Amino acid sequence: MKVSAALLCLLLMAATFSPQGLAQPDSVSIPITCCFNVINRKIPIQRLESYTRITNIQCPKEAVIFKTKRGKEVCADPKERWVRDSMKHLDQIFQNLKP
């Protein structure tokens, strides 16, 4: 009986101090959103609700994700004139909404 209790105690200690038991993530894992393809046609400004810039170095392309009023997300090239104009327009709308 003493042997099995000692063995159980030893196994619990080994499990507690094993490298997997002590492993801690270096940072919180945050999902990364990347755009691999961009739309090649203009989206009318009145259909757009918001945008997010994608500048993560882990993504293959710099991009802008537009969210439409219907909830669809579309990737666009920030170098395109219509994309920059749309971003500026949305910025002005949000600026006017602030008190």
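Every residue, even glycine, has its Cβ placed from backbone N, Cα and C.
Annotated disulfide bond per Swiss-Prot: Cys34-Cys59 (among others), in sequence order. Classification of Cys59 (disulfide bond) by DSSP places it in coil, neither helical nor stranded. Cys59 (disulfide bond): 14 other CB atoms within 10 A of its CB, across all protein chains.
Here Swiss-Prot flags Cys35-Cys75 (among others) as disulfide bond. Around Cys75 (disulfide bond), taking its Cβ as the centre, 17 other Cβ atoms fall within 10 Å, counting all chains.
Sequence annotations record features per position, and here Swiss-Prot assigns pyrrolidone carboxylic acid to Gln24.
Here Swiss-Prot flags 1-23 as signal peptide, drawing on a curator's inference.
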For Cys35 (disulfide bond), the number of other Cβ atoms found within 10 Å of its own Cβ: 19
Tertiary neighbours of Cys34 (disulfide bond) (same chain, Cβ under 8 Å, six or more apart): Ile54, Asn56, Gln58, Cys59, Pro60, Lys61, Ala63
